[in-house]
Amino acid sequence: MCRGAIRIYCDIWAGNQSTGSSSSSSSSSSSCSSSSSSNSSSRNSSNSSSSSSNSSSCSSGKFTKTSSILSNVFVTKIKLSTSTQSTSSEEMVPSSPSPPPPPRVYKPCFVCQDKSSGYHYGVSSCEGCKGFFRRSIQKNMVYTCHRDKNCQINKVTRNRCQYCRLQKCFEVGMSKEAVRNDRNKKKKEVKEEVVVPESYELSGELEELVNKVSKAHKETFPSLCQLGKYTTNSSADQRVQLDLGLWDKFSELSTKCIIKIVEFAKRLPGFTTLTIADQITLLKSACLDILMLRICTRYTPEQDTMTFSDGLTLNRTQMHNAGFGPLTDLVFAFAGQLLPLEMDDTETGLLSAICLICGDRQDLEEPQKVDRLQEPLLEALKIYTRRRRPNKPHMFPRMLMKVTDLRGISTKGAERAITLKTEIPGPMPPLIREMLENPEAFEDSSDSGESSTPTPPVLWCGPGLAPFG
């Protein structure tokens, strides 16, 4: 390519410089002729040498001009090329940066329909259901359902039945193997996690709700330190089927406690806006739950005793003989499980309210309205417990699990009431009977000689209580 370019540029130069070439040639010839005529005889050889030198000088001049032209052409071409590139670069418009991708939106939690935090163990799920499934698999938990094993699971009811919640996890596709693999991976990569306490603040509305519930609880249930304890020596050392003296005292105190629970319910925000039928349904369903929760918060582990509202303190054997029977050890075990939670009066009151206002009770006329009343109670308890214990976020779910445990104890309590009817000499006290009254518990009441006619609703208009509404 280089040789072809040189040839072309030489041809161009030759055409443009033809006149100059002729002049140079004539001048050379003239010079040679003059030299030859003056020294024709003596310098023949010098003449020949001079001619060769002149010829060489002409050729050298021609090559120098050719090189100069080529150099100018190449320089011009490079400048043009550089100018073109510069112009092209100036004409280029820088592209604007691409917008950031939109935030990733996941489908709602497949288990409870709450807001999903991503895909965990194979399905879109929230943090609560992810943690529940992981703990259940890692600890090989075995749950039981106290109903028909078809409980509705949503973000409000998910903590009420662990059995049905776990079954729902499996139904939507959560994988056991994914939990095991995740556990093995964490064992290989052990990292210390620094727990940063989160800040939890109650809104003005929730703060007011907490204050009202706490006040209602404290004014209907004095704390252990406010009571003047007293004991009795009645059947304190040996378990018997039933100590009638203790039963009379226990039934009297239980009746007073039930009246206080009704007062507590009527003072809860929104409770009296429910229909009368729903108020009665909720109280009959939850009264034994709250009664058990209250008495278990007055447990003294050092003496293994429980204290009632008037200060009467009974040990485990006396509780058995007073009417608890085979239910005794279950109640004391539950009381021991409450101790690590270190619940204060406000938390006990909120948990009692959550037990009471619960939309999954049978025969409710407006279950959705009941659920709406329960939601702020759940939120208030969550924020209050985490604010009180910023480094123990697990305390809130552990408290909610106690609601399920209380229901199990209440079911056993209803069964105990059936056998207790055959042990006491007279009829069951009206308030206690009404609290436990349900078709399963009292369907064979006619067999014991009692009338099958339902008792009037004394519980709802008991001594010192105004009717609801």
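FYI, residue positions are counted from 1 along the chain as it appears here.
Using the three backbone atoms N, Cα and C, a Cβ is placed for every residue, glycine included.
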Checklist entry - For which of the residue intervals 296-324, 441-469 does TrEMBL record region 'Disordered'? => result 441-469
Item to check | Secondary structure content of the domain 'Nuclear receptor' (106-181), with strand meaning DSSP E or B | outcome: 29 helix, 4 strand, 43 coil
Checklist entry - Averaged over the domain 'NR LBD' (205-439), what pLDDT does the prediction give? => result 89
